[in-house]
Structures are given as structure tokens and as C-alpha cells.
């Protein structure tokens with residue numbers, strides 16, 4: 001069994017940066033993620049949205065940011081495994097960690113970094129008629145490519161920021177936008193809701209009852225007023241159900257980690273209570289420190305965690321390995 005210096009669990013932006021940084025610190029790394037592509041929420045939930053709070057970018061498309069991070073993560077040739085979920089971790093007698101995946105594979109490492117984000121991401125579904133039948137054939141839970149919705153009659157279900165933002169972002173390319181929400185109050189930002197009413201047909205107190213199609217694509221959607229039960233049939237080409245995503249942590253709460261709710265508790269060094277196991281990003285929380293789910297902060301945590309992992313492996317090395325320009329120059 002190959003032995004790694006570090007196994008990074010989670011292929012979102014924080015896990016990707018940690019993979020790069022571990023390579024910069026001359027650590028052999030395995031990056032493992034449950035999704036079928038790297039990038040985490042950047043590609044799974046909001047690939048077509050702009051990100052403005054990452055240093056060095058006045059604004060960058062989430063998908064493009066993910067691609068840059070993936071390219072950076074691969075600089076030092078880490079091993080990468082996708083569509084594989086870490087089911088269990090075990091400490092060996094020689095103070096190594098063995099992770100076991102849902103596919104029955106086992107991998108050994110000196111240290112582990114948990115960059116799990118919100119966990120394995122799955123969309124929240126309504127359970128409407130025809131929803132599953134037409135999934136990815138007209139029923140969607142996110143927008144991966146705006147061009148796929150050009151000149152489409154689009155029905156959006158939801159009242160949060162994602163639903164309203166998709167309506168606004170797709171309006172310039174869509175043939176028409178209709179948005180339904182089961183209440184008359186929106187969770188989205190007030191200015192966005194005001195803009196929504198200018199670009200879309202909005203039906204409050206309405207829910208989706210059924211999606212209809214011709215067997216290969218969506219052609220209609222049946223909505224109803226949840227107060228009067230009156231139904232309406234809309235001619236549509238696409239239905240976007242934007243009512244949130246669920247994060248599944250699987251067996252993580254049973255690994256012996258100190259946790260608070262869904263968060264893994266760490267100290268200022270990003271160390272968990274398990275020796276050689278670190279956490280960074282949305283999954284990590286420090287007692288007494290305000291939690292800010294920002295990519296920029298996660299990058300810093302990833303650098304600290306990987307540096308502490310390096311120090312754990314070799315107590316004689318400096319925690320700060322030097323500036324990247326100096327490190328790269330020394331390797332050339």
C-alpha cells in the first residue's frame with residue numbers, strides 16, 4: 001500500500017489549494033473527493049456566478065476560479081481520486097492513518113487534512129410529479145452553462161438568493177423567465193427581489209405540482225396556488241428547482257473528532273483532537289473565533305494546516321517553508 005505524507009479529503013477550493021501547498025512543501029499527496037469533478041460548490045452549485053471576494057480578482061466566474069485552482073493543484077502531480085467517499089479512518093500501531101472508502105479501497109498516510117466543506121453535495125428535491133423522470137432533461141438544480149438556456153422558457157422554483165440570482169442572470173439569454181415561490185416573502189436580497197419583478201413573471205404563494213414532457217424533454221409545468229389549490233399549466237422548456245442543497249457528512253461524526261454541530265473543532269494551528277488530523281475551510285471551527293465562510297480565509301487555513309502537517313511529519317523543519325518564489329527558484 002502506497003504511503004502518502006498527507007491525504008486531503010475534499011476537492012473544493014480549500015482542498016485544491018491545500019493540495020498545491022502540500023506540493024510546495026514537498027509532501028506527497030492524495031486528493032480524494034466524492035463528486036465526479038473537482039471544484040466543490042464552485043462547480044456544483046454556482047459555476048456561472050461571479051466571485052468577488054478572492055484576492056487578486058476584481059471578479060471571476062466561479063467555474064473559471066475552480067479551473068485555475070485545479071491547474072494549480074496539479075502542479076506537483078498529486079494522486080487524485082474522484083467519485084470516492086471516505087467512509088472510515090483508522091490509526092495504526094506505527095502512528096499512521098489508514099482511510100477506507102465506500103469502494104473498499106484503503107490508503108495510508110502520515111497525516112490527514114479534512115477540507116469537506118458542507119460534505120457530499122446533493123440537491124434538495126421537491127418530489128413533484130415528473131421531477132425525477134426529467135432530471136437533466138429539462139429539470140435542473142443548478143445552472144452549469146448559461147448558453148444551455150438560451151431562448152428557453154424557464155420556470156424557476158424558489159425564493160432564496162440562488163433562485164432570484166439565476167432569474168436575473170438568465171433573463172438576458174432566456175426567452176422568458178417565470179419564478180414561483182411558496183410564500184410572499186423572499187429570503188433573497190431586497191434589491192435583487194426588486195430587480196426580479198422587472199425581468200420575470202413572479203407568482204408568490206405558488207408551488208410546483210408536476211413536470212410534463214414528451215418523453216425526451218420538458219414541455220410543460222403544472223403549478224398551483226397553495227391557498228386556493230387553483231392550478232395553472234405553463235408551457236416551459238426548462239425547470240430550475242433552486243431550494244437549496246444538502247451536505248452529507250456520512251460517518252465523519254463517528255470518527256472520534258471533537259465536533260460542534262456539523263463543524264469539526266480545531267485550534268489556531270488547524271489541529272483536531274486526533275494527532276496528525278487537521279481541518280480547514282467551512283467544516284472547521286475554532287472556539288471563540290468568528291466563523292466566516294469565505295474562500296480567502298479557507299486558503300489561509302489550508303496553508304496553516306499543511307504547514308503544521310509538514311512539521312508533524314518532520315519536527316526539525318520550519319513551520320514557514322519560505323516564500324513561494326524562493327521555493328520554486330530553489331527547485332529549478
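Each Cβ is built from the backbone N, Cα and C atoms, and glycine gets one as well.
Source: prediction; values computed, not measured.
Per Swiss-Prot, these features apply:
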- 33, 41, 46, 86, 121, 282, 325: FAD binding site (BINDING)
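Everything Swiss-Prot records as a feature, shown here on the structure.
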{"residue": "33", "record": "FAD binding site", "Cβ contacts under 8 Å, 6 or more apart": "9, 10, 11, 12, 15, 40, 80, 81, 82, 84"}
{"residue": "41", "record": "FAD binding site", "Cβ contacts under 8 Å, 6 or more apart": "12, 117, 118, 121"}
{"residue": "46", "record": "FAD binding site", "Cβ contacts under 8 Å, 6 or more apart": "62, 142, 162"}
{"residue": "86", "record": "FAD binding site", "Cβ contacts under 8 Å, 6 or more apart": "9, 32, 99, 100, 101, 250"}
{"residue": "282", "record": "FAD binding site", "Cβ contacts under 8 Å, 6 or more apart": "14, 116, 117, 118, 293, 298"}
{"residue": "325", "record": "FAD binding site", "Cβ contacts under 8 Å, 6 or more apart": "none"}
DSSP-derived structure type at residue 282 (FAD binding site), helix or strand or else coil: helix
Coarse DSSP state, helix versus strand versus coil, of residue 86 (FAD binding site): strand
Cβ-Cβ neighbours of residue 121 (FAD binding site) (radius 10 Å): 18
Maximum Cα-Cα separation (Å), residues 33, 41, 46, 86, 121, 282, 325 listed as binding FAD: 36
